[in-house]
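*Asks:* There's a structure below that I have some questions on.
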Amino acid sequence: MTELFIDGAWVAGSGPVFASRNPGTDAIAWQGASASAADVERAVASARRAFAGWSALDFDARCEIVKRFAALLTERKEALAAAIGRETGKPLWEARTEVAAMAAKVAISIQAYHERTGEKRQDMADGVAVLRHRPHGVVAVFGPYNFPGHLPNGHIVPALIAGNTVVFKPSELAPGVARATVEVWHEAGLPAGVLNLVQGEKDTGIALANHRQIDGLFFTGSSDTGTLLHKQFGGRPEIVLALEMGGNNPLVIGAVEDIDAAVHHTIQSAFLSAGQRCTCARRIFVPQGAHGERFLARLVDVTSKITADVFDADPQPFMGAVISARAAAKLVDAQARLIEQGARPIIEMTQRDARLGFVNASIIDVTDVARLPDEEHFGPLAQIVRYARFDEAIERANDTAFGLSAGLLSDDAHAWEQFRRTIRAGIVNWNRPTNGASSAAPFGGTGRSGNHRPSAYYAADYCAYPMASVESTQLSLPASLSPGLHF
């Protein structure tokens, strides 16, 4: 089987065989050999050879290839959505939106290069000052499993537009989606070596991250893995390291007239994608008193009716399975540990089948947990924290090392002003779900949530470096010489 894409051709991997599974059925979704260290070496060497030609190619010519990629994505939307659903458990309705987002990033990325990078000129006394942007060279892109098409392309598209070449290491849990995406890139007309795919598990990732011939590493994934990468590159300032990681995101419920709207946005924040979005709300702050009780009762009522099913079920469910049976068991275990520390389950999470990734949307009151662990539970596990004062809610919301997203649901504009001034997060929403974001705005956080903004627009900032020039078309002796010089 040809699992890897190196130097413009599909080739067999020489590492251990691994497989991905449909988390809703346990059927094998993809199987093949991983990339060995030698395979990674060939992929990086291929990207290095291709860099000179690709970076020298006219910018508009590079953009035409990327635009063809977007057009092909639109043509193959259903097939790609099925691949995403089969491997991640994500319902088809949601997988279709992921493919659409992949295509939409292209136009924004091209616009971003012109507006944020590109070339700018300013006249000066003896010539002109010019700001240009140059690609870094060979960049490694590490993709996550939760959006295996959309999120890696948030790095790949702007990297290619800027003139870099890429070695792509997808999540070992979604290799089939990666292959399908790279096939589209190949058909779009990318020259050999410009994009290389290395499939594999931990050893493949280590071989790529440790390679001395990469100029940048762009990563979307867990904070633990991103932190290890950051430590690994300590003392190597020549490497451009862009990290987009997780969050322990707060959603604060304030004074609202429309309880159903607040409940809807809370469910979208906590349970969309089965809670497997880095921007999902993990901690929901609910006021004490009658208003909070009404909100919580309605939240429990609607949440209890949410079903999870296979990706292609008819009718479509709100949630699919989480990525694996192991991930489901880990969530149930996290709930058990919280209960041991004093939490009170309101809707208890259970794993439907030990072989599958199905868990129910769950709600647990952690108000009485003395030392609430600052962890990202990556799934539909909503933690309720009751608060007496709005200041207290903000203080506790900020009690995290993460800083990705935060939200306030409130009719009070003054409360919003206070919230946005004092909350510590990169994405802060008002009367919208915490996971609502635009590709034309910065996407990313602060603290343990990362150090760059890998949306289509702001990714341009780290995909090229600025080069400043002072230029004159005519070489001439200046009219005024420095003291001590005689001509």
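Here the Cβ of each residue, glycine as well, is placed from N, Cα and C on the backbone.
Okay, these came from Swiss-Prot:
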type	residues	note
ACT_SITE	Glu244	active site
ACT_SITE	Cys278	active site
BINDING	Gly221, Ser222, Ser223, Asp224, Thr225, Gly226	NAD(+) binding site
*Asks:* Using the alpha carbons only, what distance in Å do you get between Asp224 (NAD(+) binding site) and Glu244 (active site) once rounded?
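*Replies:* With distance taken Cα to Cα, Glu244 (active site) is 11 Å from Asp224 (NAD(+) binding site).
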*Asks:* Relative to the Cβ of Ser222 (NAD(+) binding site), which residues of the same chain, six or more apart in sequence, are found under 8 Å away?
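*Replies:* In sequence order, Met245, Gly246, Glu376, Phe378 meet the Cβ cut-off.
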*Asks:* Whole-number Å only: compute the distance from the Cα of Gly221 (NAD(+) binding site) to the Cα of Glu244 (active site).
*Replies:* 7
*Asks:* Express the distance between the Cα positions of Cys278 (active site) and Glu244 (active site) as a whole number of Å.
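*Replies:* Between the Cα atoms of Cys278 (active site) and Glu244 (active site), the distance comes to 9 Å.
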*Asks:* Name the residues of the same chain, 6+ apart in sequence, whose Cβ is under 8 Å from the Cβ of Ser223 (NAD(+) binding site)?
*Replies:* Met245, Gly246, Glu376, Phe402, Arg448, Ser449
*Asks:* With Cβ-Cβ distance below 8 Å and at least 6 positions apart along the chain, what are the contacts of Gly226 (NAD(+) binding site)? List them in sequence order.
*Replies:* Phe219, Leu243, Glu244, Met245, Gly450
*Asks:* Taking the centroid of the Cβ atoms of Gly221, Ser222, Ser223, Asp224, Thr225, Gly226 as the NAD(+) site, which other residues of that chain lie with their Cβ within 8 Å of it, listed in sequence order?
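*Replies:* Going along the sequence, the neighbours come out as Phe219, Thr227, Leu228, Leu229, Met245, Gly246.
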*Asks:* For a quick check of packing: other C-beta atoms within 10 Å of the C-beta of Cys278 (active site), how many?
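*Replies:* The Cβ of Cys278 (active site) has 30 Cβ neighbours within 10 Å.
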